[in-house]
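The structure under discussion appears below in the form of structure tokens.
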């Protein structure tokens, strides 16, 4: 901006110089520089009162000289009498001088127009530059805000990943164990290759023992891989929309290969009809089913199908019934001592959900509450054939405060609600009799969950969500503990 303004200053200075030159040079060009202005009192020339020429008939004389408000010189001259010859040399000089002045005036006008255009251009550029400065400041502030947001996001991600460090440490130990297995297999392979070349050079019985031992350890390792710690739940997959607001549906985790039947139970009381669909495809696309009538109505939505039988809580009792679908008869029933029932210790959503039966990789479980445990959750491992309690664990979590719950690998996971925003926030580990508070996101798509169970065969959660049958895939971290092998 300083360069165009300097340019305007130079132009204005030039105009002042031209005006000054005209005021000083004009009288000398026509021979009038000998006349002086009358002095005012104090010796200062008077710029408003003229001095008449001494001999106006002979030559041009300066009458007065003054400056206007803008500093320009104004000269007043007295022309000679008309009797003078028009071809006088001075007359010719004056005419030439007037022509020069006119040319200079035109040049000054052009220069003034250009100066005005330059000034407008500079003013316009100044506005644009100020706008650019404002935009640069906005971009700079926005950049700082984006950096701050990115920093917060990275920090939050690091906080999410921090709990995985101990799990990854265990994975390192697992990798060493697997490497050990690999080395032993390679050693046995080398021995067998040598044995083929040198028959009788190795003790077959010892070799067989080593192979059997390694096979057992590998089998145990694979069994351990079936279990893991829950670290994530996928977005819901809606399979079907049917039935009332409450209900349950499931598949049999111990069903033989090719058996993909789906079991469906609508409502939480006063119903005893179970629907059987031939496959998941039939369940999704048709309404073809076989109906099974139970000898008693069920209570709640905590039923489970396991190894060809359905286990359910008899309505208005703390009796568990095992019903065999093949024989259409009760194969076993047993009272669950001290368990609350008939809406005494239900989940937060109600619905006579006092006793919740579950299945995981370890077998059959019952989750309920008792007066002896002050209404807090009790977990019992059940014998699926006799329904006897194998072992029980008491927790410090109130049953009525739980939204829903499910078992994975001997750990009970509890949600913080059944409607609106939901997450898995509590876990009780039966293998160590310890609990922890966790934070695993869980999308409650239809805003009311009345059933949530894990299927170890599918590695998925089955949910009844406000009249929608929904599936969730789960993410598990598998940990192999060498001391248990």
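Glycine residues also receive a Cβ, built from the backbone N, Cα and C atoms like all the rest.
What you see is a predicted model, and the numbers here were worked out from it, not measured in a lab.
TrEMBL lists coiled coil for one of the ranges 94-142, 241-289, namely 94-142.
Between the stretches 178-224, 319-365, TrEMBL puts its coiled coil entry on 178-224. Cβ neighbour count for residue 227 (disulfide bond) (all protein chains, 10 Å cutoff from its Cβ): 19.
The 10 Å shell around the Cβ of residue 409 (disulfide bond) contains 21 further Cβ atoms across the protein chains shown.
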